[in-house]
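S.K.: Structure below; questions to follow.
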Amino acid sequence: MNKKIILIFTSISILSAFICFLGLFWAVFDKHDTIQSNKRVDHVNSEEKKNSSNTVHIVALGDSLTRGIGDDKGKGYVGDLKDMLIKKSKKKIQVTNHAIGGQTSSELLKQLKQPEVRRQLRQADIILISTGANDLFQGGAALDHLNMSYFNSIEKRYLVNAKHVYSTLRSLNSHATVFHIGLYNPFIDLEQSKLTSKMVSKWNVDNANLTRDYKKMIYVPTFDLFQLNVNDYLYSDKFHPNTKGYQLIAERVVSLIVFHEEGK
Amino acid sequence: MINLIYNEQLKLLRKKRLYVIMVMIFILVSLFTYAQYKQTNELIEKMGHVNWRVQLQQKIVDTQNRLNSTNIPNDFKQTLKIQVSQQQYYLDHNIDPAAPGAPTFMRIFIENAISLLLPLLVLVIASDLVSSEYSNGTIKLLLTRPVKRWKILMSKYFALLLSISLILFCMALFSYLISGLIFGYNGWSLPMITGFKADGNTLNTTGAYTIPLWKYVVIEYGLAWFVGVVVGALTLLLSVLIRSTAAVMGIMLASLIAGAILVNMVSSWHSAKYLFMLNLQLTHYIHGTNPPITGMTLGFSLIVLLIWLVISIIFSFAIFTKQDVY
């Protein structure tokens, strides 16, 4: 009895030792040089398209605003928007947020080249973007270069990128509605607010004019939301919105979405 | 010789310690499976569905956001950067690195067990192989037999090797059987990418290639086995030297835990890479994670561990055959 158990244990151990040694051998000596992609994409894609009629796919791109930095709940306007839509609509809402804090428009262009991001954009019903704030403000550094000529050069560069972003989005997906969240002036309470407000408004107008060239593309103004009592809606970094501020943005976008759905 | 090994196996099984270890592995695997199951459920709830590509992309974006935060130490940033480029690589090649299934669970389990759990279990076996003979006084009975001393120690080494193999076998078997109940038993042929080279800031993908998951798992268990052998040999050396099981346990535990802590903070202390406990995470090289100290590779770690192994074997034999027994 005892002898049998020992023999069983020992033989299992020996077997296992051999397998492990084989693994160790492979780890050291085995070399391949081929890499093959898994080609199941098309199959999966068609599967997803079938379920998509019942769900609204929302893809969010952009900077810290879309990421929701400053919101105590961590949701941002995208999260608030989702909650509001769930209440309003019977459809399933599915949100993917690809926003990266601090992203500039040129970095967004780079992100738009990633195949998975492109795949999801193709399936999206609603696309939310926020970009430009980091181009313009550079995290507050712009306050050191407050002059119109510097502003014009930045804006010119940005508008080229923005145009590129829009045309990429449209070429990927022509049916989704695109909401570009506009800029507000976080420095409206500081010195030289006249100049900063002038810059932000000009930026918004020029950007909104650009979106008019594309169908179903809406530039959502936020400037007025933060014009009065700006400090009530800003987070303690005095740059990002706080929970209340995000709520305001979400409400504005939601009203546009519902209007759009009824219009269909 | 066979009889001696048989004798050692008998002693090991009589002590019931192997059974305790098996029960421990069983309980731990069940716990981990349950935790993983909960996590997947929560993910489904949060994301709405379980398309892995959406999840992976989300993970990449989350990590990129962490990278932008200013209060992350530089070496951790590098690790994150490597992680992002690796995940992007998987995504670009349409391969799911964490496809649910029992084989994936086995892989994740051994990757997490290799640096601490497995050495601890080996420690439980090896720490008193020699020292208990002293404390029980049985060493005199053993050494008065007409058998060469080195043969006795050799038989103990073989018994240790067999026990380590058995521990790994139990880990593999239990994690496969238990996690399979929830995640399914399929997925052995899924492709995995290996051959990444993480150096400093960038992930070098030129040498990357795919292997089926079963081979990946066998390789990782093989590396874990080697780690077990090295830890076992070191413990046996201490067991020969110190003769007190508790002290052996204490020293080995301290160095293993020190290793687990040091791994996270030695990036600028270069000579630390010759310590055995910093080289235990061999599976990281297969996986392509940033090493704790730049310049460490799989070959380097294997050689360092091999040197520790050889030295501890030579010393334990030299001491055991010359030692006075009273």
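Just so you know, glycine gets a Cβ as well, placed from its N, Cα and C.
Sharing the features that TrEMBL gives for it:
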type: TRANSMEM; residues: B:18-37; note: transmembrane segment
type: TRANSMEM; residues: B:113-136; note: transmembrane segment
type: TRANSMEM; residues: B:157-183; note: transmembrane segment
type: TRANSMEM; residues: B:223-242; note: transmembrane segment
type: TRANSMEM; residues: B:249-270; note: transmembrane segment
type: TRANSMEM; residues: B:298-320; note: transmembrane segment
S.K.: Report, as numbers and ranges, every residue of the chain located at least six residues beyond the transmembrane segment (B:113-136) whose Cβ falls under 8 Å of a Cβ in that stretch; write 'none' if there are none.
M.R.: 8, 12, 17-18, 20-21, 24-25, 28, 142, 153, 156, 159-160, 163-164, 167-168, 171, 220, 223-224, 227-228, 231-232, 235-236, 238-240, 242-245, 248-249, 252-253, 256-257, 259-260, 263, 280-283, 320
S.K.: For the transmembrane segment (B:249-270), which stretch among B:157-183, B:223-242, B:298-320 has the most Cβ pairs under 8 A?
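M.R.: Result: B:223-242.
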S.K.: Can you tell me which parts of the same chain pack against the transmembrane segment (B:223-242), counting only residues 6+ beyond its ends and a CB-CB cutoff under 8 A?
M.R.: 110, 113-115, 118-119, 122-123, 125-131, 153, 156-157, 160-161, 164-165, 167-168, 248, 251-252, 256, 276, 280, 282-283, 286, 302, 305-306, 308-309, 312-313, 315-316, 319-320, 323
